[in-house]
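What follows is a short report on a single structure.
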Amino acid sequence: MEQTLALVKPDAFARKDEVVLKVVSAGFTVEKSAELQLTPARAAQFYAEHAGKPFLDDLCNFMCSGRVLAMVLSKEGAIKAWRELMGPTDSVAARSTAPDSMRALFGTDKQKNACHGSDSPEAAAREIAFFFPPSGEIPDLATGAAQAAPMEGGAAAEPAANAPPARSEGQVRAAALAKEYLETKLTGTLTGALAELAKDTPADPIAYLVDYLRKFNPHPQGSPYAKIVFVLGGPGSGKGTQSANIVRDFGWTHVSAGDLLRDEVQSKSTQGKMIGDMIKNGQIVPGHITIGLLKKAIVKATDAGAPGVLVDGFPRKVDQAGMFEKMVAKAEFTLFFDCPEKVMEERLLERGKTSGRSDDNIKSIKKRFKTFVEQSMPVIDYYEAKGSVRRINATKPVDEVYRTINAIFTEAMQVGNEKAASLTAPAAPPARAGSKPKPQAQLAEVAKMPSNKSEGEAGPALTRHVFSTALAPNVVAEQPSAEGQEMPASAAVPVGSETLPVEAAVAPEPAAPYVAPVVAPAETSLEAPAELSAEPADDQALDPEPEPKPKPEPALAPPPPPPPASDSDVLSPRSDQLQAAPELPEDSAQSPTPMPA
Ligand SMILES: Nc1ncnc2c1ncn2[C@@H]1O[C@H](COP(=O)(O)OP(=O)(O)O)[C@@H](O)[C@H]1O
Ligand SMILES: O=c1ccn([C@@H]2O[C@H](COP(=O)(O)OP(=O)(O)O)[C@@H](O)[C@H]2O)c(=O)[nH]1
């Protein structure tokens, strides 16, 4: 199968997800991908064929002005096909002669033209090796060509006769994993660093490298957002009611997807009418709209210092779960309200007497139940397979249900032993609607309690609540899994070595005349977000959101002592598994990250 190198240049980098979606829709397979920052030396190396030409400096400056996405695409006739998809060199001309092309859609002019593609098989081979050096080889810094890596100690490669004995299957697998890791996480940045180092020949090469790698670190942090827990359950199962309790006692922020959508309907925005109709009919609004709204709310909560965000009523479809993970972050776990339809129906009809909601009537309720069973329950199965569902028996009275939830949240938070002693004058909890700040005196009193005892033993010990990585079961489930549980949806689009469930393929949605202001975080992997299938209008470019501030320290939020919950309340806590989960670096909790090669 023919391969070509494709670049998304700095001017189009913010819209790379749309580019990738088009790439995949056009039948290409993304074999490899990497996000990276070119240095002037690397850019000049890449464009070596243009050496001496007057535009080279400008071109290199432009190529170094931001991150680029490099991909190896494969398809029959990939080189020609990709060049056709890119369109004419000049984006201005492209807009009249090839309006659907990448350059027409994402480029500005002749230089800032969004994409690059190899122009011949030879160029493709050279350019692919430039960005994705073959395993075991290091790039020749002078020419950019790959060469055999020296043996340990700098010796030249031994002749075949002296080759080491064949490796075991385990060793081969370990080597492959190491190779994959280095290629995706480090090689690109390191190669750039070494190229610059060789050029500058600093007196202290180590300090130089450290400085360079910090500066161009493509993975500067983990998730920039507050912790997230999904609150899921059928309509009327009590999600909103209990979320308010968690907000009150743990200082989290409650973000209801349904509320955000209803606000959108009220705002009379372009898509408001469509959303209103969908809600009334119990249908699920396209994920990119909801995620756009959720992301804004999560950024706002993070900026306000919330230690966590309860995302209520989302994701409602399996592919929305995948999309949220790629576009925003992974949730710590899912709180699932298990409740029979009969109970929910009674509650909703009661709620409908005062809620004023267009969907709290028997006709809409029936439709919502159907949607829930057919499309939302698979989300629970999806997360259950990952061991990250805390299932609650939601039929009990409000207080009883909450006791169980309180215990779950308390358990899921880790006592910061090492910090507790220094917290006698704790900071005020973040301001949040509806929460009652704890008096400082009460907090100080609590601070004196032993922090390593459970609340059941010693009352509400002051804890600097942070989620334990060990308690984030999805971290474990995200390890390369032989079970193949990653994507349960039957329809999936291959993108590189991974697959993404495809909402459109399962249940086509109306083309939405709106592109949500979703900008993938730097770590976002390159799977095509299936729901971004609606074409953005020219004037509806993805609206870059302000980068969220670095994640604040979790705020103090001493929960009240939960009376012990009975076993029957927590239907499937899986806490045994969760406790046993190994601690992983925070980075591991993030989406698989295609990184520089
Ligand atoms: N455990 C419970 N027992 C009885 N009624 C409840 C319980 N939890 C919630 N309700 C009531 O049921 C209705 C639906 O609850 P709500 O929290 O709005 O559900 P959801 O957010 O899941 O749609 C509300 O009127 C609420 O007061
Ligand atoms: O992520 C979401 C959340 C909600 N909705 C729509 O909003 C309605 C109400 O959702 P909400 O969570 O407010 O209420 P629930 O029905 O769960 O009580 C749903 O039936 C859907 O039509 C949606 O499409 N996507």
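Heads up, the Cβ atoms here are built off N, Cα and C, so glycines get one too.
Between the candidates R42, R67, R103, TrEMBL assigns the ATP site shared with K9, F55, R83, T89, N113, G236, S237, G238, K239, G240, T241, R351, K396 to R103. When TrEMBL is compared with the stretches 149-169, 212-232, 275-295, 464-484, the one noted as region 'Disordered' is 149-169. The recorded positions near ligand 1, defined by a Cβ under 6 Å from one of its atoms, are G236, G238, G240, R351, chosen from H116, G236, G238, G240, G313, R351. Note: R103 (ATP binding site) has non-local neighbours M86, G87, P88, T89, D90, S91, A94, N113, A114, C115, i.e. same-chain residues 6+ apart with C-beta under 8 A of its own C-beta. Among the recorded positions H116, R262, I284, G313, P315, R357, the ones whose Cα sits within 10 Å of the Cα of R351 (ATP binding site) are R357, in sequence order.
G236 (ATP binding site) has a Cβ environment of 26 other Cβ atoms inside 10 Å. Neighbour density at the Cβ, taken as the number of other Cβ atoms within 10 Å, is lowest among the recorded positions H116, R351 for R351.
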